[in-house]
Amino acid sequence: MTDLLRKSILDAADTVVVKIGTRSLTAPNGALDEAQVVSVADQVAAVVESGRRVVLVSSGAVGAGIARLGLTSRPTDLAQLQAVAAVGQSHMMEAYNRTLEVHGLHAAQVLLTAADLNHRRRYLNIRNTLASLFEWGAVPIINENDTVRTYELRQTFGDNDRLAALVTNLIRAPLLVLLTDVEGLYDGDPASESSRVIPTVERIDDATMSFAGGTAANAGLRLSTGGMGSKLEAARIATEAGEHVVLANGRRPGVLMDLLAGEPVGTLFLAEGESVSSRKRWIGWTVQPAGTLTLDAGAVRAVVSGGSSLLAVGVKRLTGDFKLGDIVALSDESGVEVARGLTNYSADDLRMIAGQPSESFAGILGRCPYSEVIHRNNLVLIGKARTGC
Ligand SMILES: Nc1ncnc2c1ncn2[C@@H]1O[C@H](COP(=O)(O)OP(=O)(O)O)[C@@H](O)[C@H]1O
Ligand SMILES: N[C@@H](CCC(=O)OP(=O)(O)O)C(=O)O
């Protein structure tokens, strides 16, 4: 990729979602690194003053709370952890507010879970709130709502990396910046001298995913949660929907302005093809599917290469207890997910018509409201089926 192309991509980013991880905001002993919060807030203010809109997704509440409460280790009890986060969150917001105020900007606290985005009404409410905040020149500062988090919720909906990608897709921001404690995506162990930062990733494929060294290197206080795998998953969600992503070091002085100026900072993940419509982003990457339909090879071909709707005749089996209008995942027979879509039939009905031609529905169900199980307009290819690799 030429420097000019990189510069033109970053120049065009009028709205930027910046996610900063725990590792870039806390000292090794877990305390909130206030100088670092000031640096991030100053940089965000500079980006806003340059005419771009910024949403900040900030981790760090648990780390800030541990220090604030004088704890020497991270609690393992979930309720205590959530209480620690509640203390730390307000401390962290105070620190952001103090710096943004100097620049005449307001910090707006937005606590969300990815599960909130599952509900279409809530999803739209969040979008409207963020739009109003932009109108008032406020900087939304989002963190996962730790108070309502459960282990299961975290397992299903992920962490702040994923939340940042979903927010990017929600507001159609052309750029997501993931700030962490390494220079970018390395082609091996970042601690090894022979590893190099990959400047540009054109397509997130198996080789790219293989560079992620497990989950977060959760040494010591275990404050961060995601690890490189969750950053790559976030990058996949945003790039498949048509937005660019940069992964860079949050402690590099002036990192935001430098990377927005097109300087060779971090790893740039290029958007995959055309920008996807808002509704299809919600169907394809936001909602947690309520079930899975396994398709035979012909149905996979029709859906993936043929641009067709999904017919019941190609559905081999299904799992989940979904209703008409729910989002379901479509997998091939080896279990690889190829698409997601909004189903016209409940699981109970579909169990009766799976494998059958549409003409037989009336005889089986006593009605035939739709000849397709999922209409093409309500179907989104994802993963390898979308990227072709
Ligand atoms: N190929 C890789 N390139 C860069 N970092 C990697 C790679 N594989 C694993 N990592 C690890 O991912 C870590 C960042 O993820 P994480 O701990 O979740 O940070 P954060 O708190 O910023 O979200 C790095 O500190 C690094 O050790
Ligand atoms: N909500 C938690 C952060 C969770 C999280 O995703 O952390 P990280 O992997 O460092 O981005 C907190 O504020 O401490």
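From the backbone N, Cα and C atoms, a Cβ is placed for every residue, glycine too.
Note that TrEMBL annotation is computational and uncurated.
Features of the protein shown, as given by TrEMBL:
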- Lys19, Thr180, Asp181, Thr225, Gly226, Gly227, Met228, Gly229, Ser230, Lys231: ATP binding site (BINDING)
- Ser59, Asp146, Asn160: substrate binding site (BINDING)
- 291-371: domain 'PUA' (DOMAIN)
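Between the C-alpha atoms of Ser230 (ATP binding site) and Asn160 (substrate binding site), the distance comes to 9 Å.
If you average pLDDT over the domain 'PUA' (291-371) in this model, you get 96.
Ranking the binding-site residues Ser59, Ser230 by the number of CB atoms within 10 A of their own CB puts Ser59 at the top. For the binding-site residues Lys19, Asp181, Met228, a Cα-Cα cutoff of 10 angstroms around Asn160 (substrate binding site) retains Lys19. Taking Lys19, Asp146, Asn160 as the candidate binding-site residues, the subset whose CB lies under 6 angstroms from any atom of ligand 1 is empty. Lys19 (ATP binding site) carries a strand DSSP state (E or B). Only Asn160, in sequence order, out of the binding-site residues Asn160, Met228, Ser230 have a CB under 6 Å from ligand 2. Taking the Cβ of Met228 (ATP binding site) as centre and 10 Å as the limit, one finds 23 other Cβ atoms among all the protein chains shown. In the three-state DSSP classification, Asp181 (ATP binding site) falls within coil. Around Asp181 (ATP binding site), the same-chain residues at least 6 positions away in sequence with a Cβ under 8 Å from its Cβ are Gly21, Arg23, Ser24, Asn249, Gly250, Arg251. In the three-state DSSP scheme, Met228 (ATP binding site) is classed as helix.
Secondary structure from DSSP puts Ser59 (substrate binding site) in coil.
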